[in-house]
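Okay, so here's the structure we're looking at.
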Amino acid sequence: MPINIPVHLPAKQILESENIFVMDETRAFKQDIRPLNIVILNLMPKKIQTETQLLRMLGNSPLQVYFTFLIPSTHTPKNTSREHLDEFYTTFESIRHKKFDGMIITGAPIEHLAFEEVSYWKELQEILDWSKTNVTSTLHICWGAQAGLYHHYGIEKIKLAEKKFGVFEHLVKEKKERLVRGFDELYYVPHSRHTDINTEQLKNTPNLKVLSVSEEAGVCLIVSDDDKQVFLTGHPEYDTDTLKQEYERDLLKDDTVKKPVHYFIEDGDALVPVNRWKAHATLLFMNWLNYYVYQETPYVWE
């Protein structure tokens, strides 16, 4: 996919160096095709890193895609410059009248808070309600998945006794679902979270399908019956070294922090991360974009 991004977005140079096809607005304007419009609600603290990770996942399809980056107006990010936010981001008020083919809601490192304690919770609820009528399919990631399941279905999150941290094996349960088309029966996903969803409540909730699970990490992939809501409890978009960065960050605060499991190999005295999830992660995002967005979205929104 020639992903269509602003000329000066920091991710552009990184993705081009990785041989991922990107185009700027000038070239995209000359192509006479109907592009997809995807809005990304970026709740992660490192905005540029998350932008790059998600655009990398969406950069290998023949479709042209426009991206709109969104932040809550009721929260001021502390780890991204005001200049970057002003140039590349907008708020819900400026887009609420629009229709989008797809939406991605990222995770956020705020699991210790009850949903109602989150500063932008009411705004997020409004966005989630809006997505049901203004977006063809919404992909919720990690905390974003927990928030979406709680808001749409009343499924609560529960605190884990120990952080779920590492790269975990998952089993595909619903092999005929389009979202996992082409998957091996077993695949890997990084997880980094202190909470989980209430699986008993999930079992008793109609209109939701569990597509994959892990013996160690629990439920990973959930889809609504109409394919409009996709919930992903892990972080398949993560770079090879993202868990390593989080581990080193946490070690500075607590030297008893356990290292992520099933992730490092030892090379002498060094711990080297190994990426075992990239191929399936790319396929997951491509399947969502093709089958749940492109194949389902109207050519002209009414």
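Each Cβ is built from the backbone N, Cα and C atoms, and glycine gets one as well.
Reduced to three states, the DSSP call for GLU111 (site 'Important for acyl-CoA specificity') is coil. According to Swiss-Prot, the feature site 'Important for acyl-CoA specificity' maps to GLU111, an assignment based on sequence analysis.
If you look up Swiss-Prot, you'll see CYS142 marked as active site, acyl-thioester intermediate, on the strength of sequence analysis. Contacts of CYS142 (active site, acyl-thioester intermediate) defined by a Cβ separation under 8 A and a same-chain sequence distance of 6+ are given as THR106, GLY107, ALA108, SER192, ARG193, LEU232, THR233, GLY234, HIS235, in order along the sequence.
Its Cβ placed at the centre, ARG249 (substrate binding site) has 10 other Cβ atoms within 10 Å. According to Swiss-Prot, the substrate binding site annotation covers LYS163, SER192, ARG249, on the basis of sequence analysis.
The annotation site 'Important for substrate specificity' is assigned in Swiss-Prot to SER192. Under DSSP, SER192 (substrate binding site) is assigned to a strand (E or B) in the three-state scheme.
Under the heading active site, proton acceptor, Swiss-Prot lists HIS235. Secondary structure at HIS235 (active site, proton acceptor), as computed by DSSP, is coil.
Taking a C-beta cut-off of under 8 angstroms and a sequence separation of 6 or more, GLU237 (active site) has the following same-chain neighbours: THR50, GLN53, LEU54, ARG56, MET57, ILE141, ALA281, PHE285. Among the features that Swiss-Prot reports, active site is placed at GLU237.
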Candidate with the highest Cβ count within 10 Å, taken from the recorded positions LYS163, HIS235: HIS235
CB within-chain contacts under 8 A for GLU111 (site 'Important for acyl-CoA specificity'), separation at least 6: TRP143, GLN146, LYS157, ARG193, HIS194, THR195
Site extent for substrate (largest Cα pair distance over LYS163, SER192, ARG249, Å): 15
Cβ neighbours of SER192 (substrate binding site) where a neighbour is any other Cβ within 10 Å: 20
Residues close to substrate site centre defined by LYS163, SER192, ARG249, Cβ within 8 Å: PHE165, LEU243, GLU246, TYR247, ASP250, VAL257, PRO260
